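Undergrad: Per TrEMBL, region 'Disordered' is recorded for 1-41, 406-428, 464-506. Annotation comment: TrEMBL describes 29-39, 473-485, 494-506 as compositional bias 'Acidic residues'. TrEMBL lists 95-456 with the feature domain 'PDEase'. According to TrEMBL, the feature active site, proton donor maps to 172. If you look up TrEMBL, you'll see 172, 173, 174, 175, 176, 213, 321, 372 marked as AMP binding site. Feature annotation from TrEMBL assigns Zn(2+) 1 binding site to 176, 212, 213, 321. Per TrEMBL, the feature Zn(2+) 2 binding site maps to 213.
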Ligand SMILES: Nc1nc2c(ncn2[C@@H]2O[C@@H]3COP(=O)(O)O[C@H]3[C@H]2O)c(=O)[nH]1
Ligand SMILES: [Mg+2]
Ligand SMILES: [Zn+2]
């Protein structure tokens with residue numbers, strides 16, 4: 001049987017940018033982005049955190065292979081998808097990983113923006129990443145297409161899941177990876193993005209999400225650099241964590257019992273590896289501003305083929321990685337709590353090592369609500385906006401303006417457990433406009449943080465005014481200061497009185 005579908009190039013509209021010139025960013029260029037931030041719009045500490053997290057000297061140079069993207073005709077893909085589905089259904093029951101019924105029940109909502117990955121974490125007895133990865137690789141027909149041996153798949157997914165728990169991180173763990181994977185699945189399946197990709201590109205996109213924070217140490221790149229860690233030494237202080245995630249994952253993929261790529265051709269493996277490396281390296285936050293700027297420039301070009309596929313997929317993964325502020329409040333609030341605890345544990349380490357606190361890492365002096373308002377305003381909202389623009393552009397490229405197969409946009413993309421059919425018009429697209437469910441949640445969450453910030457400010461004011469400690473007593477040393485302050489104030493008032501009398505006497 002030929003590949004999943006006859007590769008017929010409809011038209012070479014996706015010509016990649018050949019030999020993308022090395023992008024050497026001038027130092028301080030993205031600092032200009034920060035200069036737009038009104039100095040008093042955010043507290044100094046939030047500004048510092050923005051600067052230390054999202055700006056860094058960066059240069060990338062990569063030669064793109066001169067590949068000609070082939071667009072399979074949608075009709076062929078649907079026919080082939082149905083064909084694969086029939087064969088694969090028979091095969092899939094033979095596979096190892098049998099999902100418990102309550103997991104299958106939760107996964108019925110995997111196509112939704114509101115999917116609750118914490119529920120999946122609970123019902124899967126802390127194997128959300130393994131269950132979700134298996135379900136999606138199966139539903140996209142990739143287990144069959146790339147003949148992944150079931151036992152090998154089971155070993156690989158089990159080892160990836162445990163690698164995410166190596167450092168017992170509150171945030172950067174297997175649940176975060178599952179969250180990013182499910183969000184990427186939403187982008188692929190509900191916006192038509194998958195129609196723009198061939199099977200290797202879909203495999204690489206899902207795998208990049210699965211491994212993007214593999215063996216995360218629970219500390220930032222800054223911490224690795226400042227503390228001179230072995231990993232920072234190994235990667236010369238550049239994208240330290242991201243380089244480790246990729247290297248450690250590919251080392252796993254080379255292992256005899258965990259090499260799920262064993263049946264890929266040499267060319268397929270090269271294409272897969274190159275895309276996964278580019279996508280995961282692009283999750284390094286220090287390349288954020290440069291990435292957004294470059295994508296905006298690419299989107300502004302009139303020629304649709306200017307949209308570089310690897311860069312577009314990298315941006316979408318980066319947005320999935322910082323997407324929880326654009327999810328329902330209870331999910332976002334929980335992620336925030338987990339992340340800040342992870343930052344505070346780093347701060348505790350910095351104090352022990354005699355290092356200065358990194359921004360947001362001092363558990364006694366961090367303005368959580370304010371920092372989240374800053375994160376949403378300056379990072380997440382702009383990023384999700386550009387992500388929506390990329391998806392609109394891709395939808396215009398790859399989804400015919402009028403449905404050719406069925407008038408009705410497919411309601412339920414796929415019955416759970418069955419392979420993904422390539423939808424002509426996924427439910428998340430109206431015309432060629434991609435729905436943006438994240439917008440309302442971002443606005444609602446920002447309002448919640450502003451309310452929280454106002455309350456926090458009141459509490460701080462009372463604490464300062466009343467010089468009350470946490471159990472409400474006047475503190476001795478404060479009492480003396482307090483009395484001194486009153487005396488000074490009194491003295492000042494007398495001085496003002498005297499000045500006024502002098503003026504009136506003249
Ligand atoms: N301040 C802040 N940073 C976040 C939040 N969510 C994600 N991030 C940062 O964005 C980074 C994205 O890549 P990582 O997941 O490696 O690490 C993440 C955090 O450092 C958030 O809610 N608030
Ligand atoms: Mg990361
Ligand atoms: Zn991440």
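Note that Cβ sites are derived from N, Cα and C of the backbone, with glycine treated the same way.
These numbers come from a predicted model, not from an experiment.
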Undergrad: Which of these binding-site residues is closest to the residue listed as 'active site, proton donor' if you go by CA atoms: 212, 213, 321, 372?
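TA: Result for the residue listed as 'active site, proton donor': the nearest of the binding-site residues is 213.
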Undergrad: Please find which two of 172, 173, 174, 175, 176, 213, 321, 372 have the most distant C-alpha atoms, given that the record lists them as binding AMP, and give only that distance in angstrom, rounded to a whole number.
TA: 23
Undergrad: Other than 176, 212, 213, 321 themselves, what residues in this chain have Cβ atoms within 8 Å of the centroid of the Zn(2+) 1 site's Cβ atoms?
TA: 172, 177, 180, 209, 216, 283
Undergrad: By Cβ count within 10 Å, point out the most packed of the binding-site residues listed: 213, 321.
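TA: Top count of Cβ atoms within 10 Å goes to 213.
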Undergrad: When you tally the Cβ atoms that lie within 10 Å of each candidate's Cβ, which of the recorded positions (172, 176, 212) has the highest tally?
TA: 212
Undergrad: Measuring Cα to Cα, how many Å separate residue 175 (AMP binding site) from residue 212 (Zn(2+) 1 binding site)?
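TA: Rounded to a whole number, the Cα-Cα distance is 12 Å.
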Undergrad: Among all the protein chains here, how many other CB atoms are within 10 A of the CB of residue 372 (AMP binding site)?
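TA: Counting Cβ neighbours of residue 372 (AMP binding site) within 10 Å gives 25.
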Undergrad: Taking only the binding-site residues 173, 174, 175, 213, 321, 372, which have a CB closer than 6 angstroms to any atom that belongs to ligand 3?
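TA: 213, 321, by Cβ distance under 6 Å.
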Undergrad: Within 10 Å of the Cβ of residue 173 (AMP binding site), how many other Cβ atoms can you find? Include all protein chains, please.
TA: 24
Undergrad: In whole Å, how far does the CA atom of residue 212 (Zn(2+) 1 binding site) lie from that of residue 321 (AMP binding site)?
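TA: Pair distance, Cα basis, whole Å: 9 Å.
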Undergrad: Within 10 Å of the Cβ of residue 174 (AMP binding site), how many other Cβ atoms can you find? Include all protein chains, please.
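TA: Result for residue 174 (AMP binding site): 26 other Cβ atoms within 10 Å.
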Undergrad: Running a distance check here. Ligand 1 versus the binding-site residues 173, 174, 212, 321: which have CB less than 6 Å from one of its atoms?
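TA: Among the binding-site residues listed, those whose Cβ sits under 6 Å from ligand 1 are 321.
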Undergrad: May I ask you to report the DSSP-based helix, strand or coil state of residue 172 (active site, proton donor)?
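TA: For residue 172 (active site, proton donor) - judged by DSSP and reduced to three states - the answer is coil.
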